[in-house]
Amino acid sequence: MEMETISTFAKKLWCVKKQLILFLTPLILLPLLFGLPEKEGKCLYVVLLMAVFWCTETLPLAVTAMLPVCLFPTMGILPSKKVCPQYFLDTNFLFLSGLVMASAIEEWGLHRRIALKVLKIVGVKPAWLILGMMITSAFLSMWLSNTATTAMMLPIANAILESLFGDLATLKENCKVKDETEGQARVKLHALPSEKQILSIDGPDRMERSDGSTAEEIRTESEYQMKVWKGFLICIPYAASIGGTATLTGTAPNLILIGQLKSYFPECDLINFGSWFAFAFPLMVFFLILGWLWISFLYGGLNTRLCVKKQDERAQAEAKAEAVIDEDYRKLGPINFAEGAIAFFFILFAVLLFTRDPKFVTGWSTFFNKGYVSDATTGVIIVSILFFFPSQKPSLSWWFDSQAPNTPYVPLLSWKKAQECVPWNIILLLGGGFAMAKGCEESGLAAWIGAYLQPIAQVPPAVAVMFITAFLACFTEFASNTATIIIFLPVIAELAMFVKVNPLYFMIPATTGCSFAFMLPVSTPPNSIAFASGHLLVKDMVKTGFVMNILGILSVSLAMNTWGRAMFSLETYPDWARPVNMSSTVTDIQFPPVPPFNLTSL
């Protein structure tokens, strides 16, 4: 009876866990207000409170992001007039313009046309098809959100898979065939064929060809097909996460980096859309290839069928899958005026952002007052055009034809559609990150914590980069990538200044590492969407994601110590990285002198 009472009480506690966290966390963190220097203690209290709420999602992420507006002023950390402007910096406008462009692309289905065209080009052999899925997901994720990309690509993947392998339920049943007779095995093959089975290779033709197969052969082939199926599903969210790192607007942590650089180092102008793309795009391509090789190897896609044509049952299935892709693409019809217009503005959007000030050549921003035109200006100009540019081809004859219908004018994008499609909560989340960073900077908290990380100063810089990337890649498995970078980037910036290493050498790997959440379904929304399909197990994601994390850490380390080092002059400690808070309490703490890092020894 007592055990039953305890069990009932535990279940009730679980039901109200969020309310308990909401009320208990502020009480548990109270000692920080009395055991630390006044301003640093108060700021750390707010930061940890927000970190707990973000990680547990006790409150909606956007609501937690607004806490600095009420807590920083009331606790004497930062006045309201300094906190509120952080919620709509020009970085937020750049992100907003990317989101609006993405909503226009989705409105007219351009993303689906791109996806099917890539799949037509790469073919339907499992490894090539996985590569096609990953290339398409990564490219779309550079401009759309990772979540939207995954949600769009998974139905396409499932349609192709059903054409290749037939009904998933039958496939799972065949995997269980062990000691049964051939006759029983054939019964399973014939059991309850679905409508798609009848229309696909797993219909009656497949069953006739399977009459001579033994139970073991059926089971082996079905297990291979199940492995490939999992490979298809798991590659899409991974590629979406990788692709988002290639552009500033691809994922929120990249914009958090820009915002905090402007806050900490106002004189640093090395990072913009063009320079980031020049650094991150090769890194994305390199990591994507490594990821493709690993996923294809693990899930059965790498074999002689990559290069050698075989006329067998699989070849016939591949032909049917190819027909499905061709049919879906044919149904889209020719490119209409709206799709062409969106494609034009999308390309113009990317080109203008890339060429504004790419650093390695003179950009078009030199035609304007220096420092006046930013990436946000460019983005807003382009997306504003979408709200009045016509979606139907204009015709002069319409004005003179009295019989022509007076159809209402429809622009490429309406504000109502933008309101529905743009995730406005992410704008607040970005703002909360900038506000938290400003509080950490002004209160001296980041400098205070950075000073206590002195042991890292004794680690070779290349090892420190790998450690930082690995730590944040692991932390982001349990928290959102935006919350992770918001919490740790101020500390990493102060650590870099404390040990006299170029801050970009630590901050760029940290930012990129926050997008490498591959191991758990809860790590990131794309993982959750793929896992919700019901065809993946947690152990599948952990096994695949663990190696993906290692490959990502090694890729970032390679990029930082090769072309990244040359692009951003990482071997020197720049003038723009002088400490902002010279009066910080960190100067009152006595530490032994730390020798500066020497990157030329790498």
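Positions of Cβ are set from backbone N, Cα and C atoms, glycine also.
TrEMBL annotations: computationally assigned, not manually curated.
Annotated range for transmembrane segment in TrEMBL, selecting from 84-103, 544-563: 544-563. Remark: the transmembrane segment (270-295) contacts the transmembrane segment (126-144), by the rule of 3 or more CB pairs under 8 A. Between the transmembrane segment (231-258) and the transmembrane segment (20-36) there are fewer than 3 Cβ pairs closer than 8 Å, counting only pairs 6 or more residues apart in sequence, which means the two stretches are not in contact.
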